[in-house]
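Structure first, commentary second.
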Amino acid sequence: MKIAVVGTGYVGLVSGTCFAETGVDVTCVDIDENKVEKMQNGVVPIYEPGLELLFHRNIEQGRLHFTTSLEEGIKDAEVIFLALPTPPGADGAADLKYVLQVADQLGHILDHYAVIVDKSTVPVGTGEKVQAAIAANAKVDFDVVSNPEFLREGVAVDDFMKPDRVVIGSTSEKAAKIMDRLYHPLVRSGNPIIHMDLRSAELTKYAANSFLATKITFMNEIANMCELLGADVDLVRKGIGTDSRIGKRFLFAGIGYGGSCFPKDVSALAMSAGEVDYDFRILKAVMDVNHGQKTKLISKVSQYFDGDLKGKKIALWGLAFKPETDDIREAPALYNIEALLEAGAKVVAYDPEAMENVQGVLGDKITFAKDAYTALEGADALMIMTEWQLFRTPNFEKIRTSLNNPAIFDGRNLYDVNDMRQQGFYYVSIGREVAK
Ligand SMILES: NC(=O)C1=CN([C@@H]2O[C@H](COP(=O)(O)OP(=O)(O)OC[C@H]3O[C@@H](n4cnc5c(N)ncnc54)[C@H](O)[C@@H]3O)[C@@H](O)[C@H]2O)C=CC1
Ligand SMILES: O=C(O)[C@H]1O[C@H](OP(=O)(O)OP(=O)(O)OC[C@H]2O[C@@H](n3ccc(=O)[nH]c3=O)[C@H](O)[C@@H]2O)[C@H](O)[C@@H](O)[C@@H]1O
C-alpha cells in the first residue's frame with residue numbers, strides 16, 4: 001500500500017513514520033523546504049521519544065520518503081492524509097486556510113481514485129468543505145474521510161502504534177474498507193476501529209480534547225478550594241480517581257493546561273457553538289479558569305518577597321508545556337516569565353529540551369542555564385513549571401545551598417509537603433497548602 005501525508009509537523013511525521021513501520025510506503029509532503037531537506041538528510045526535526053529509531057529504520061528500508069512537491073508525493077497514493085495546521089484565527093475559531101488550500105490543489109492534480117483523510121483537528125462541516133474544494137476541479141473519483149488523531153506529544157509513538165481507538169468518519173464503504181486495511185496492524189490488540197459519519201467524527205475530536213481540558217480544570221478548581229478549606233488535592237484526586245466512572249488519569253492539578261491543542265480546541269469548539277447560536281457555558285468557564293491558573297503562583301512568589309519582585313532573580317525549572325517534548329506552544333512557563341519580567345524580576349531558566357525554542361521567541365530577555373543546578377546559583381527562589389523526570393528527585397541540599405533563599409514554588413506538586421517543610425524549605429505547591 002502507498003500513502004501520502006501532507007504536512008509533516010508533529011502529527012504528520014509521527015503518523016507517516018508509524019505507518020511506514022507497519023510496512024506501508026509513505027511519502028511525507030511539506031512546503032517547508034528546510035524541514036524537508038533536514039528529513040531527507042536523516043534529521044528528525046522534533047524531539048519525540050522513540051521516533052528517531054523508527055524514522056531511521058524506515059528510511060533505510062526505503063519505506064519513508066520526503067518531498068516538497070504535492071504532485072510527486074501523492075503519485076499512486078491510495079490514501080492522502082491532510083495533517084495540516086488548523087491554528088486559531090483572530091476570533092478563536094479554527095483557521096482552515098491550510099487545509100482548504102491543499103484541497104483546492106488536490107482537485108487540480110489528482111489523477112486516480114484516492115481517499116482524502118482529514119487528520120487535522122477541524123470543525124464540523126470541514127469534511128464537506130474539503131469535498132467541495134476538491135470536487136470543483138477534480139476529474140477523478142475520490143472520497144473524503146475524517147480520521148481525527150488522539151496522540152499525545154511525548155508519548156506520540158506509543159499512542160499511535162497502540163491507539164485506544166481509531167475513529168473513521170465516512171459514509172463511503174469503499175473508503176472505510178481501505179482505512180480498515182491501513183489501520184489493521186495497529187488495532188491487532190483488539191482496540192476498536194469506530195466507524196461513524198463524518199460530522200460525528202469531527203465532533204468526537206473536539207469533544208475528547210474539551211472533556212479532558214474540563215477534567216483538568218475541574219481539578220484545578222478543587223485544588224483552589226483545597227487551599228481555602230485546608231484539604232489536600234492529591235488525596236482528593238486519589239479518593240475520586242479510584243471510582244472507575246471518573247478514572248485516574250488527567251486529574252492532576254497544576255498550573256493549567258497548555259500545548260498546541262487543548263487551548264485552541266476548547267476555543268474552537270466554543271466558537272463553533274456560537275455559530276449555531278448555542279452558548280457552551282462550561283467551555284467559557286474552562287478557558288477563564290485556565291487563564292487564571294497559569295500564573296497562579298506569581299502572587300504567591302510576590303507575597304514571599306513582600307509584594308516587590310523588582311530585581312529579584314527567579315530560577316525556572318521547565319519551559320516545555322509538558323515533559324518529554326520541546327514544544328512550548330501555550331506553555332504555562334511562558335506566561336509566568338512574562339508576569340515575572342513585567343514585575344521587574346530577572347529570570348534564569350533550565351529545560352532539558354525546550355531552551356532553544358524559548359530563546360527563539362524571547363531572545364535575551366531571560367538567561368538560560370547549562371543545567372538545573374547552575375540555574376539556581378544566586379537565585380532568590382525556584383519555580384517549577386514542567387514535571388520533567390530529572391526534577392522529581394533532585395539533590396535538595398544542593399538546591400538549598402545554591403539558592404539565596406530556600407524557597408520553592410512548585411506548579412506540578414512534585415515533592416512531599418511535610419518532607420519539604422522538615423528540610424527547612426519554604427514550599428508552595430498547588431492545592432496542598434495545609435500540611436498533612
Ligand atoms: N500536535 C499534536 O500533538 C496533535 C495535533 N493534532 C492536530 O493535527 C494538526 C496538525 O498539527 P501539528 O502536527 O501539531 O502541526 P505543525 O504545525 O507541527 O505542523 C504542520 C506542518 O504542515 C506544514 N504545512 C503547512 N502548509 C502546508 C502545505 N500547504 N503543504 C504541505 N505542508 C504544509 C507546515 O510546514 C508544518 O510542517 C492540527 O489540526 C492539530 O490540531 C491532533 C492531535 C495531536
Ligand atoms: O489534540 C491534540 O493535539 C492532543 O492534545 C492532548 O495531548 P497533548 O497536548 O500532547 O498533551 P496532554 O498530555 O494532553 O497535556 C495537555 C496539557 O494538560 C496538562 N495536564 C495534563 C494532565 C493532567 O492531569 N493535568 C494537566 O495539567 C499538561 O501539563 C499539558 O499542559 C491530548 O491528550 C491528545 O489526546 C490529543 O491528541
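Cβ atoms are placed via backbone N, Cα and C, with glycine included.
Unlike curated entries, TrEMBL annotations are predicted automatically.
Around Lys35 (NAD(+) binding site), the C-beta neighbours below 8 angstroms that are at least 6 residues distant in the chain are Thr8, Pro45. Sequence annotations record features per position, and here TrEMBL assigns NAD(+) binding site to Asp30, Lys35, Thr86, Thr121, Glu153, Lys264, Arg329.
What TrEMBL lists as substrate binding site is Phe150, Leu151, Arg152, Glu153, Lys205, Phe250, Leu251, Phe252, Ala253, Gly254, Gly258, Lys322. Around the Cβ of Lys205 (substrate binding site), the same chain contributes Thr121, Pro148, Glu149, Phe150, Val167, Asp265, each under 8 angstroms and 6 or more positions distant in sequence.
The secondary structure of Cys261 (active site, nucleophile), as reduced to three states from DSSP, is coil rather than helix or strand. Of all Cβ atoms in the shown protein chains, 24 besides its own fall within 10 Å of the Cβ of Cys261 (active site, nucleophile). The annotation active site, nucleophile is assigned in TrEMBL to Cys261.
As annotated by TrEMBL, domain 'UDP-glucose/GDP-mannose dehydrogenase C-terminal' applies to 315-417. Under DSSP, the residues of the domain 'UDP-glucose/GDP-mannose dehydrogenase C-terminal' (315-417) split into helix, strand and coil as follows: 36 helix, 18 strand, 49 coil.
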- prompt: Which of the recorded positions Thr121, Leu251, Cys261 have a Cβ less than 6 Å from any atom of ligand 1?
  reply: Thr121, Cys261
- request: Find the shortest Cα-Cα separation between Thr86 (NAD(+) binding site) and the recorded positions Arg152, Leu251, Ala253, Gly258, Cys261, and name the residue that gives it.
  value: Cys261
Query: Rounded to a whole angstrom, what is the largest C-alpha distance between any two of the residues Phe150, Leu151, Arg152, Glu153, Lys205, Phe250, Leu251, Phe252, Ala253, Gly254, Gly258, Lys322 that the record assigns to substrate?
result: 24
- request: Determine the Cβ neighbour count for Lys264 (NAD(+) binding site): the number of other Cβ atoms within 10 Å of its Cβ.
  value: 22
Message: For the C-alpha pair, I'd like the distance in angstrom between Lys264 (NAD(+) binding site) and Gly258 (substrate binding site), rounded off.
response: 9
